[in-house]
Each structure stands twice: as C-alpha cells, then as structure tokens.
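In Swiss-Prot this protein carries:
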type     : residues  : note
COMPBIAS : 138-151   : compositional bias 'Low complexity'
COMPBIAS : 981-997   : compositional bias 'Pro residues'
COMPBIAS : 1007-1022 : compositional bias 'Basic and acidic residues'
COMPBIAS : 1047-1062 : compositional bias 'Basic residues'
COMPBIAS : 1078-1097 : compositional bias 'Pro residues'
COMPBIAS : 1098-1108 : compositional bias 'Low complexity'
COMPBIAS : 1219-1229 : compositional bias 'Basic and acidic residues'
COMPBIAS : 1233-1244 : compositional bias 'Polar residues'
COMPBIAS : 1272-1281 : compositional bias 'Pro residues'
COMPBIAS : 1348-1360 : compositional bias 'Basic and acidic residues'
REPEAT   : 244-264   : repeat 'LRR 1'
REPEAT   : 274-295   : repeat 'LRR 2'
REPEAT   : 303-323   : repeat 'LRR 3'
REPEAT   : 335-357   : repeat 'LRR 4'
REPEAT   : 365-386   : repeat 'LRR 5'
REPEAT   : 392-413   : repeat 'LRR 6'
REPEAT   : 424-444   : repeat 'LRR 7'
REPEAT   : 455-475   : repeat 'LRR 8'
REPEAT   : 482-501   : repeat 'LRR 9'
REPEAT   : 509-530   : repeat 'LRR 10'
Amino acid sequence: MAKASVELTRELQDSIRRCLSQGAVLQQHRVKLETKPKKFEDRVLALTSWRLHLFPLKVPAKVESSFNVLEIRAFNTLSQNQILVETERGTVSMRLPSAESVDQVTRHVSSALSKVCPGPGCLIRRGNADTPEGPRDTSPNSETSTSTTHSVCGGFSETYAALCDYNGLHCREEVQWDVDTIYHAEDNREFNLLDFSHLESRDLALMVAALAYNQWFTKLYCKDLRLGSEVLEQVLHTLSKSGSLEELVLDNAGLKTDFVQKLAGVFGENGSCVLHALILSHNPIEDKGFLSLSQQLLCFPTGLTKLCLAKTAISPRGLQALGQTFGANPAFASSLRYLDLSKNPGLLATDEANALYSFLAQPNALVHLDLSGTDCAVDMLLGALLHGCCSHLTYLNLARNSCSHRKGREAPPAFKQFFSSVYTLSHVNLSATRLPLEALRALLQGLSLNSHLSDLHLDLSSCELRSAGAQALQEQLGAVTCIGSLDLSDNGFDSDLLTLVPALGKNKSLKHLFLGKNFNVKAKTLEEILHKLVQLIQEEDCSLQSLSVADSRLKLRTSILINALGSNTCLAKVDLSGNGMEDIGAKMLSKALQINSSLRTILWDRNNTSALGFLDIARALESNHTLRFMSFPVSDISQAYRSAPERTEDVWQKIQWCLVRNNHSQTCPQEQAFRLQQGLVTSSAEQMLQRLCGRVQEEVRALRLCPLEPVQDELLYARDLIKDAKNSRALFPSLYELGHVLANDGPVRQRLESVASEVSKAVDKELQVILESMVSLTQELCPVAMRVAEGHNKMLSNVAERVTVPRNFIRGALLEQAGQDIQNKLDEVKLSVVTYLTNSIVDEILQELYHSHKSLARHLTQLRTLSDPPGGASQGQDPSSRGRGRNHDHEETDDELGTNIDTMAIKKQKRCRKIRPVSAFISGSPQDMESQLGSLGIPPGWFSGLGASQTTASGSWEGLSELPTHGYKLRHQTQGRPRPPRTTPPGPGRPSVPVPGPRQENGMATRLDEGLEDFFSRRVMDESSSYPRTLRTMRPGLSEPPLPPLQKKRRRGLFHFRRPRSFKGDRGPGSPTAGLLLPPPPPPPPTQESPPSPDPPSLGNNSSPCWSPEEESSLLPGFGGARGSSFCRKMGTERLEAGEGAPAPGTAQQPRVHGGVALPGLGRTKGWSFDGKREGTDPDQEDSTQAWQKRRSSDDAGPGAWKPPPPPQSSKPSFSAMRRAEATWHIAEESAANHSCQSPSPASQDGDEEKQGALFPERMVPTRNAKLQEPPIGPRPPKPVAVPRGRRAPQVPGGREETESSSAAPGANKPRLRLGSQQDQEEPEGQGPTDQGRRTAPLKPKRTRRAQSCDKLEPDRRQPPDPTGVCGTSEPGTD
C-alpha cells in the first residue's frame, strides 16, 4: 500500500479501512474536489483494486461517491497536480497535494485497466490544458506501460473480479481458484461452462464476459446445459470482441431460433474473428438462421475446419444454401475437415442435396463425414465420394439410410469402386441401412481389392441381412484382409450362425467381433451355435482379441461360452452384458477367471447377478493378476444393493481393489500357468499313450517268437517307441525346469543389472552438471546473497545432500518394475515354446505308435488265420461271418482305443480338454437327460450309450488307406441304420441279410435304432402325467385295491377313455413295482434236447466279454442289460452263427445288482441270455417258421408292419360278458400258463409274440436264420368257462402254480414277473387234462375297445399286492 498523506489523521485512515473492509485499501490521498466551477472542497481519495472512492473528512468515514476503473472513459492530467477523469456518469476534477501523488494514482489506474483489458486501453493525457501532449499508451505491450507480468491463464481471475465489481456482484472465489489452479495445471485453454453449472445464470454470464478480454482461452464449450438469455447475450458480445476465440461449442444449449441470425451479424461486425470450429448441434434452428449464416460464411477468408449441425431441423432449402456457400468459397475445399449433418430426416432426400453432392464430388479435405439419418441414397453419395473424398476420408457414417436401386438389380459400380479406391478409411458405419444383397457383395468385393486399408471397423448391425446376407458374408469375407473389427449385431442370422461362425474364423485379420442379438433360436440349435463359437476361439491360430455377445439373452447357456474362457489365450476383451445368466453364470465366470491369463477387459451387466454372484467374482480375482478393467454393472449392482447393501458394497470394493492391484506391475504366478498348461498338454494325450503302449506291448509279447525278420525289426522299433513314450511323460516338466534354471542368471538379468549400474552413473553426472549450472546462475542474479551463503557454508552442503538419487531406487525401478514386465513376457514365451515342443513330440510318438500297432495287429491276424485248422471252429459259418471273424481284431483296435489315433482326433481331444464340461444346471445336458429318462423308466445307461456311440467316431481318414482288397465282403457304413417299415416283403431273389451295426469301444452294439419302432406308432398325447404306470396297469385283476375317491374323480376326465401304452421293457429301479419283482424259479436240469453249449472261442488274446463287470451290474429288467434288446437283435445272429452257446440251463441265475440294490427277475428272458445268444433249438422247426420269421422281422417298425389276424366276430363277448372282466382275466391267465407247455402252431406262436410285444415291445424274435427248438408237447387246457363277478373259477388239476412252473422248460424259457412267494415257485409241476385233437389260440377276453379303456386301470388300484401270492400273478407276456 502506498504511503498515506501526512495530513490524514490515524483515526480517519482506520475508519476508511473499516468502511472498505471487503477490499484492501491500496492508497489514500487528501485531495481538493471541484464541486462547482472554481470551487474546491477537501476530500479523501481511497484507491482499491478496481475502484476509486471519495470520503469526506469526517469520522466515522462514509463513502460519498465511487466509480470502477471500467467506467473510466478518459483520464487526463491537466497540470502537475490536477487530474480530470471522464466516467459514464460524469466528469470528476480534483487536485492532489503533489506531482508524486498524481503519478501514483495514474499508475494504479493504468495497471488496473491493463489487467482487465490487455489490449490498448483508454487514453491518459498529461500536460497543460493549453498545450496538451500526445496520447500516452498504457497497454502492457507498450514501452510506457507500467503493468507487470500477467497472472496465470491470461489474467482471467482479475478480469472476472473487475467485472463482478463493475456489476456490483459478489466475486466467486471458487471460480478464481479453479481457473488459477486446475486450468493452469492442465494447461487447459478450453473454458467449460459445465464446470460451473451449479452457479446462477448471472455468474455464468460474467464468466463468459470475462472471455471477451482474455487471450488465453481459445474454446468455449457448453453441452447439454440450457443457457439463459443473459448468457447468450454475453456469448454474442464475446464473439464480437474476442480476437482469440477459435472454437464455439453450444451443443444442446437451448438456443433460440433467432440466435443464428444474431450470430451471423456478430461475424460481420468483428473483422478480427478467428473462429474456425462451430458446433450448434441439437438446437432448433430455422432456415432464416441458416440462410444468414451461409451469407456470412462466404466472407470467411480462411473458412471453417469443423461444422456440426446435427439434429438442427435444417430443411433441404437451408442445406442448399449451405452447399452453395461451400462451393462458392474456395477456402472450404481446403479447410473443412469435419462435417456433421446427421439426425436431420429428409435432409438429403430431395434434389436440393445436389449442391452438397457437387461439393463432395470436388477434391476436398474432408476427414470425418457423418450423414446418418438424413435419408440419403447411399449409392448416389458413394458416387460423389468416389471423385472427391478418396484421399483423406477416414470416418464415414451412413447409418439409418437406404439405397436407391431396387432389389434384384446389380449394385451401382460406385459401391465397389469407392471401397476399392479409398486410401485412409478406418471406420465405416452402415448400421440400420437396408443393404440389398448385391450392394453387400459389391462392398465386400471392393474391400477385398483394396490393399491400402488395414484394421477397418465395419459396422453392419441391424441391417436385416438374415440368411442371404449370411451366405454373402460366408462367400466374400474370407478374401477381405483389411477388416479388423466387424459388427454383425441384430441381423437375424439365428440358425445361420452355424455356418457363418466357422466362416468368420477363416478370416485371420479379424480382431474384434460383435454378434449380439442374433441368437433367437431354439435351445438345441443355440447350443450348437455356441459350440461353434467355442471352437472358433479355441483354435490355435485364432486372431480374435475381443468378442461381444451382448443383449443375446443366452441365459444359462452363456456358461457354454464362459467355460471356454478359462484356457483361452487369444481373447483380451469380452462383452457378456444383457444375457441374464444369473448367479450361476457368475460362478462359471469366476472359475474361468481363476485360470485365465489373457483377459484384460470384461463388460457385463443386466445379467440378474446378486451379491452372491459378485462374491464369486471377487474370490476369483484374488488369484487373477491380469484382468485390468471390469465395467461397472449399474443395473445388477443397484439391484443387489437393494437386497444386501453391506455385502454388495464390500464385495465391489474388493473387486475394485483387485483391479487396482492388477494395473500395477507385479510378478505373475507362472507356476499356476505351468500347472494349467501341463494339465492341458499331458492329460489329453497321456491316456491315449498308455492305452497304445499297453496294446503294443501285448502284441510284442504275442509276436516275440515269430521267426520272420521283418516282424522282429518291427518289434524292435516298437520297443523303442514304448521307451520314448514313457520318457515323454517327463518331457514337459523337464523342459520347463530347464528354462527356469537358465533364466535365473540368464543374459537378460545380467544385462539389466549392468544397465542399472550405467544409469546410476549417468544420473549422478547429470545432477552434478545441473547443480553447477544452477549455482552459477544464482551467483549472477543474487551475488550478495550467494557470498553470504558461501561464507556460512550452508547452501552448497544442503544442496549436495539433495541431489543424489539412491542406487537401490534405480536398480529396483529397472529390475523390479520394467525388468519384471520383461520377465513375465519372457516366461510366457518360454511356456509357449515348451508347450509347442511337447505337443510336437507327443503327436509324433502317438502317430508312430499307432502305425506300429496297426502293423503288429495285421501280422497277428495273419498268423492266427494261418494257425486255424481247416474245418475247425469256423466250420459251418457263412462266408460273411468268417470274414468278420478274421477281421475282428483289426476292426476293434481303433474302437477299443476310443477313437482313431490321428492328428485330427488328438487336436480335438486337446481342444475339448481345454473347455470346461457343461454343468448340470443347463437343460439338455447328459446329466439332466439321464435323470429325465430315468424318471420315465428308461435305464440310465441308455442315453450315455447313445451319446458315446455318436461321438466315438473321429473325423479321421486313416481307415481309407487300409481298405481290404480281398477276402472280406465290403458293406456300406449306412447299411446297418434303421429304416422305415416296408409295406411289401422282399422278393425271393433279395434275401434280407442282417448287418451288424457299428461297435463301441467296449464291444457293444450302438443304440442308434433305439426308439425308432416306437416313433412310428407313438401318439401325440402323453399319458404318463395322469396316472403312474405299473405292471398291474397292463391287465386288471381281482386283487387290485379300490381307487380312492380323488383318483376316481380324476378318472372322469376327457382323455381317460384312451388305452395307455407301456414303455419298452420294465421299469428301472425307480419304478413303483421294482421292489415287488421276484426271481424266476430255477430251470429244470438239462436234457438231451438242450445240451449246454461250450464257451465261445476268443478271437483275441484272452478277450473279455463284451461288457465289463460294472456294465454287467447295470443291466435292467426287460432290456437285456444297458444295451437293450436292440443289441441282442443285432448281435444274436452273429453269436449263433459263430457257434456261441448260452450258459448252462441248469445253473440258477443270481439277481443282478444295480446301483447297490439287488434287482430280482433278471434271469434269462424269452430264450435270450445276457450275452445276446439264443437258446439251442431244433433244426426241424426251421422250415415251419421261416415264413413267420420273415413277417415278424420288421414288427417293431410301426403300423405298416404285419399284424396277427383279428379274432372272428362270433368270439366277441356281449356287453353282459364285459362286466365279468376279473373272472375272465383270471381264467385267461391260467389258460395261458397251461398253454405255454404246448406245441405252438404258427397262429398260436404269433399270438404269443403279439401278447409279448405290448409289455416288451423290443423283445422280438431273432433274425430269420435263428433256429427254434420244439418244446415238449403237453396236454391242452380245457376251454375256459365264464364265471360271474365276485366268484372264483374252479381250479384246474395241477394248480396254477404247477402250470406256471412247467412253463420254465428249456424250450419255452419265457420271462416271468411273479408276485407270489418263494414256496409257490418250489412246488412240483403238475399235468392237467388236455384235448389232443384241438388247436386253440391264446385265450383273451374279447371285449370292445371302449370297455377295455374304461376298466383296465380301475381294478389295479382297488387292492394292495398280496405278498403270499394267493391272488395270482400277472404274466408280462399276456398283452
């Protein structure tokens, strides 16, 4: 503060300071103010930063008048001590005590004006009134200026404070602090009104007004903030005054319709305007404004570099004026680089757009062009761009437009020519544009011919390409090498992705792929598509770096893709948003993150994830050190926070902490990567190696005594291969350990240590030079202070301590930070090298072992063929069966190994090993299918056996080189497939020869034909949901309990008159009647007619049966084991012709154990053993049953097959007889038991088979070549007599139990499902009187279909089962 005049008392000065407490008083002078002409009064002049105050000489002090420095229009010095100040409100004349006081006041006013207005300010004249001097320039750039160096950011804070004082408003110190601190620290020359949007409109207006006099800021930015009229007026004022504002952004600022007209006028007023970027998007602007603006743009000498008029409601008329301006002003052709006219519907739909097309067709400098949503014709626009925009255009957005040419016609040549000629294009957006198929083909063809582009982003989302577009992409995309990012979202591809995804994988330049909203398919097809996608990203040469399936609603099936991320090494970014995968998907993602080391970014939201799912992710990130970014799942986090706020907050903080940790350089756990890769490399091939080595060792032992020299050479080579195979197990860990040991003191670490030492020396030398230079400069500027400091020896010693950098810091920065990053990358490369070497060696060993195995197996087969004596075991076999016997060993080698051992199969197994298996929660998984089939009474092994039979075949071509040339009968591989029923039997010249189906690795026949016969006859309605099926539901009897009232009421439904059908075979362990089944009675001792057959000769070295003990223990009743009766039908003929017999009939068969529970009733069923072999039969019966077998060979096929003749009409009972159902069934069961011991005629045999087919539809008679044994002829039963309801029929001599026991003769050997006690089964047989001269058919109650459907289930539920067996049994074959 300047020294106050001596005439002023201390009390007055303090009173003035107290009065001006808001501002510091810089000067106080006692002056004489001219109140009237030539009349002066004493006053006190007080000067503050921006204002001059006049006080009377009174205490307490009060302000008499004041004015701001900005109100000064002229400041004149009339004499040595008199000044004249002209203000907006009048003139002030005053005399100061001395000339020194005049100079002080003059310098203060000049300095204040220079701070507010850096340019030439007001004029200050000095001299007498008669002889005035010339003007004195007090601007800061002039020599006479007394202003000091400007403050930060061009003095914005001072200008803002002066304007606040001028307008009488309070100065916001926060504005000054933000500008002086934040803007200055960032060197930011963009004044953003959003930073101060919390203030009032008048405060914003003052800030904008301050920019008019500021030369630091060059850009005024405001977006999505509605500006008031006061602010907009100051914007126009700033543009009219500023000479440094280059860019104006008023995006969605609420501009009035006349603002552009005023803006055009401002451009005309300010000749020094340097504005070159104008952004007025998202403001309603009328055509008047555009017309005025176009006229002013004609006068811009340098043109505009950026013009954005998106969504401004501009009409084609305004666009025409703008286009004419572009063409008339040549400066725009070289200056305009950014043009945005998007979101103006109909703008380019008329002929007024030709003016803009003409400008685009001329050579120009456009780099960014956005015409999305303007209804322009894409083909016409590309024709204009072809001539003028090929050299500089990098961004082209033509979304939400259309093409002018019609569908079916050829695309204009501009499509292909433009995309083949453009040089710098990097982004093309054609989303929501209906591209005809021809235009899409032309686009892809043009890109395929362009050799200048690379990493192009092509957006074809929402183009409704569908199947035709998918086909075009498959055909053309493989030849396009410039596309680095492809967006195909929401195109309705759906099932076409099955073929499109593999085609996308063939393009190795593709790095980023977007496939969201294309999965609107059924569950089965969706799983196939996801498996194709998994196969794509698991390829070793996959080029994808990011994959997006956002908003696809994959739900739980997202886990199919997630399971492949664990071992994936190519993807660095994945987007799983909008799929609703819930917590179980988050759990699968956590498992993938635990072992993944390539993902850097994960985007996921809208997946219905709760706090529990986020907890799984947090736990996974504890062991993941490579994931850097995870998008904030706003939707899921907010939903989880509502239910569990504390847990959600803790879990998300934990996730963020892990991500922050991963963004710093650190040591990656290489041991985890080693163990993971070791498991993927070794476990997939180790099992195959073990099995191959075991097989080759057996063959070597079998051929070790062979004297042939070639065989011995091969044996020696095989032994060497086995040694290599054993050593290969230690190859992967040995190579990894070797690389780890050599890397500890390798050249990289040594070089880093030497570099650290050299850097430390260089740092010390540089600091020494800097210190000396600073000290010398300080001596020049402040020599006295330096001499004093050196005398005290303080400064240099303190500086010397500060200018040293610790050596351990430099060493840690190089070795622990940069060196650690280098070491991590080096470890990854070493691991990939070890993996490649191990894979290559193991593949070679597998190939050589397999070839050696095939060669030794061929030698072994030839030796066995030569050693078989003529007329031996193979005597009596047909040529086809002998050929199969000779080729048996060679055929089973691959299948027993599980797959063909070739490169394709090995790679497939490794890829499958890298993918996590499907979880049980996904519907359609094998586990769920097993449980569903088990609930329906189908054995659990059925589905797994079917799946195994379908997947064991490999895509191998090895077998093509080993086709037999002689001695074997060639058969087509599809000959064994099930076929639909034939309406006519085959002719005599074309006998039906059974063909054995393909085998699985355990020797069993495949189950591909399971369910085929039931498929052609099954009804649409499912009857399993209304009532449970038991064995009693097949035929009602007298012993059933009465139905409860609720069940009786349910039976009155609409569909309960229909007759239920049984499943194939008996129920599984979960059936209600599984515990009621009892084992059959022991068969009688063997007789001469059925001698026991010897064990079949093995075809290999101690070959085991067709199934293992575990599989044998899982056999189910009615299925002949887990393979079912189809296996028995396929294998029966081959076993019989090979001379294989069944186990001795005199041996009682023990109950099988399934799942730890003994299942009774698993004895030999209907003449079939568990080995799939028919009991011995008499050849005399073959001729009489040959025709019957031909008719019955396709009974399972369906409705078109042969049926037994219906009973005569006279045998059908009347309605009164229908009411005696229980007695009739009881007699029918006794008659059927007695009749089973009789000699069957063709008609009766057909009847038995028809009865058996209902309960056991798969248990059919073997193939035509099987021979039947004639059973012993016994007495026929008497004709049944109808018994009234409620009475018991008269007992036949011999009893029912004896009759049923006699049916277990070797000839019949029919399965039983008895409910009686064990004592009933041990009773001796009895004979009853029979009629020898009468042939009777199996007795059935002849009832109408409606009566059968109404009564068949009711007796079954009336009475509980009798454990004593008194109430009789139900024969399964009576249906």
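Note: Cβ is positioned from N, Cα and C throughout, glycine not excepted.
Counted over residue pairs 6 or more apart, the CB atoms of the repeat 'LRR 5' (365-386) and the repeat 'LRR 7' (424-444) come under 8 Å in at least three pairs, which marks the two as touching. Distant neighbours of the repeat 'LRR 10' (509-530): 454-455, 457, 461, 480-495, 497-498, 501, 543-554, 557, 560-561, 573, 575, 578, 923-924; these residues of the same chain sit at least 6 beyond its ends, with a Cβ under 8 Å from one of its Cβ atoms.
Confidence in the repeat 'LRR 2' (274-295), given as mean pLDDT, stands at 90. If you look at the repeat 'LRR 1' (244-264), the same-chain residues 6 or more away from its ends with a CB under 8 A from one of its CBs are 190, 211, 214-227, 229, 232, 235-236, 238, 273-286, 288-290, 292-293, 295-296, 306, 308. Ranked by number of Cβ pairs under 8 Å to the repeat 'LRR 4' (335-357), the listed stretches 274-295, 424-444, 455-475 are led by 274-295. With helix defined as DSSP H, G or I and strand as E or B, the repeat 'LRR 10' (509-530) counts 8 helix, 3 strand, 11 coil.
When Cβ-Cβ distances below 8 Å are used as the criterion, the repeat 'LRR 9' (482-501) is approached by residues 431, 447, 450, 453-467, 469-471, 473-474, 507, 509-521, 525, 528-529, 532-533, 536, 548, 550-551 of the same chain, each at least six residues removed from its ends.
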